[in-house]
Amino acid sequence: MDPMDIVGKSKEDASLPKATMTKIIKEMLPADVRVARDAQDLLIECCVEFINLISSESNEVCNKEDKRTIAPEHVLKALQVLGFGEYVEEVYTAYEQHKYETMQDSQRSVKMNSGAEMTEEEAAAEQQRMFAEARARMNGGGGVSVPQPDQEQLDTQQSNLQS
């Protein structure tokens, strides 16, 4: 039975972004090595099949534990069951790094949304600077330096914002 039939999708439904995969392939090889398009397509298909295999085995591990959601531990166990135990430590390290980066991104997002890093006056000045840059680009002055608003302009804008 074709692994794609197990998940109920045709080969056209399950794919990976070609541009991203091509970039990954090229980054892993020396600069002087070229990869034929057919070889790139084959590598992408192998990746899709590997993901299907790991997903299917992770699902089986999950079901054996009477769980309904595949957890990272199920994926790690699936790697071991399928004979990829030597990669478990590296995969776990990558997973931990991903969790850390995701946490950092969400903390940055909270800071940006709360505006804790910028006062209202600074935000208004930044907004005016960005508007002026956009106007300059639209008027054909792409590289022209944009004058910064003075304190009187900022005070006027601030009082306009408050009314």
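Each Cβ is built from the backbone N, Cα and C atoms, and glycine gets one as well.
In TrEMBL, annotation is done automatically, which means it is predicted and not curated.
As the structure is a computational prediction, the values presented were derived from the model and not from experiment.
Residues or ranges marked as compositional bias 'Polar residues' in TrEMBL: 148-163.
The domain 'Transcription factor CBF/NF-Y/archaeal histone' annotation in TrEMBL covers 14-79. In the predicted model, the domain 'Transcription factor CBF/NF-Y/archaeal histone' (14-79) shows an average pLDDT of 94.
What TrEMBL records for 104-163 is region 'Disordered'.
According to DSSP, the domain 'Transcription factor CBF/NF-Y/archaeal histone' (14-79) comprises 47 helix, 0 strand, 19 coil.
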